[in-house]
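Peer 1: Below you'll find the structure I mean.
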Amino acid sequence: MKITADASDPAKRKTAALCGFVLEGAAGAAGLGGPGLDDLIKEAIGKNGGKKGRISMTGTPGMPSERVILAGLGPAGKVTSDGIRSEAGRLARQVRDMGLADFAVAAPSILDPAEEAALIVEGAELALYSFDEFKAEKAGNSPRLHILGGGPSAARAIKDAQSITAGVAFARGLANMPPNECPPDKLGRAAVKMCTGKKMRCIVLKKPELKKGGFGGIIAVGQGSSNEPRLIIVEYNGGKKGQKPIVLVGKAVTFDTGGISIKPGEKMDEMKFDKCGGCTVLGIMKAVEDLALPVNVIGIVPSVENMPGGSSYRPGDIVKLYSGKTAEILNTDAEGRLILADALSYGEKKYAPSEIIDFATLTGACIVALGNNVAGMVSNDDAFAKRIEGASERTAEEVWRLPINDDYMSMIKSEVADMRNLGMGRAAGTITAAAFLKNAIGDTPWVHLDIAGTAWNQPATKKKPYNPGGATGFGVRLVAGYLKGRAQ
């Protein structure tokens, strides 16, 4: 999307749609007005009253703009950054659906001007995302966007917002790919293709290297498929030499049948989304490079296809992981923790990071506990967890911290191995899965995000204008924003 900004007079702006925001009960539009416009705006306000989620419009005869389109923000005291982001997305979709070539949006002058410019960009870019790779009829070009306002820092804010939304779009695009078009090998090739800058490089370990390296979890889960596993490693060195990196790990099961412990057939097609954690990591890495952040970040994506077959791993097997610890397999559909454990241990040992964050569509139990709008979070470090919570509030990608202690750790102890890949019955499934991961690392500050409920739009997902159907890219904005804050 082509985006520009200035502080020009809205009444003199030549555009197909002059757009703005309205507070509930207000007589005018926030940040939008001028000679000849005020009466037209009042007319449009009368059609929606500024109620959140409502769109109204009116023609603008005799003016440079062709029409005015207004989005309601709700009561003045309840306006949030995500409210502006959401309604900007609603305006963008309205403009696209009308087939207009361009639109101008007036920043409402409620929050920081540069922040408002970024929110408008995020809402519009994310709302207009379309996955049409396999359709004969493509979506076509997005309408051009001009932001009225945003202050002297608008240009930088817009550029940064576009870098982050490009990362989200990249993650969504990979996650939405069907399993026949995105096995582990192709996911690895997509990561290699992404690494074009001088500060970023990609290494992809194949099956022989994984066997030799002792990645027992990745090998076990992937051995039932003709599509061999990969370990994708993306290194971004934007910080000082010797500066400890932050390691990001993402689960990428390109299709999960459950293996021998096979899943029900209903909705199994959605298991293409079991790679969303890895796609999130790659999206963050893309955003970090585009932002040129002065930090060192490592993205590690273990990728497998979990299939049943004569060579598949079985319930009852004992698998030796990269850490040297052994895992008793009680259910082959609890595979994500096995590949993540290998990647976490490898990342900590090789890179000695300052922090580790992992992302995974790990447990259905997380959806039972938290639904489809909040990700589960488990951490071994209170200060780190609070920083991630703060970042999530800024991007409206909500997380909820769950406890972890010795009682939970004891629930994955095995009588025949160091641990088991299932907890006890249906109790605390999200936490016992995280406990398995905690066993893979030492004392490095660590946050685990279970995004099973938030990674793609599901029936109970709260519909937001900037989250169209399919993968959401959850976590890209959150962690890209967190890393940006750490770099400042």
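Here the Cβ of each residue, glycine as well, is placed from N, Cα and C on the backbone.
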Peer 1: Record says K251, D256, D274 bind Mn(2+) 2. Source is Swiss-Prot. Which of E181, E335, E348, E355 does it list for that same site?
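Peer 2: The one candidate that Swiss-Prot places in that Mn(2+) 2 site: E335.
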Peer 1: Do any of K263, D333, R337 (recorded positions) have a CA within 10 A of K251 (Mn(2+) 2 binding site), and if so which?
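Peer 2: Candidates kept after distance check: R337.
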Peer 1: Which residues does D333 (Mn(2+) 1 binding site) neighbour through Cβ under 8 Å, counting only same-chain ones at least six apart?
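Peer 2: Listed in sequence order, they are D256, G258, G259, S261, I262, K263, N306.
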Peer 1: Identify all same-chain residues not among K251, D256, D274, E335 whose C-beta atom falls within 8 angstroms of the centroid of the Mn(2+) 2 site's C-beta atoms; report them in sequence order.
Peer 2: V221, A252, V253, M271, K275, V304, N306, G336, I339, A360, T361
Peer 1: Identify all same-chain residues not among D256, D333, E335 whose C-beta atom falls within 8 angstroms of the centroid of the Mn(2+) 1 site's C-beta atoms; report them in sequence order.
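Peer 2: The answer, listed by sequence position, is V221, V253, T257, G258, G259, S261, K263, D274, N306, T332, A334, G336.
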Peer 1: If I restrict to non-local contacts, at least six residues apart, and a C-beta distance under 8 angstroms, what lies near R337 (active site) in its own chain?
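Peer 2: Result: L362, N421, A433, F436, L437.
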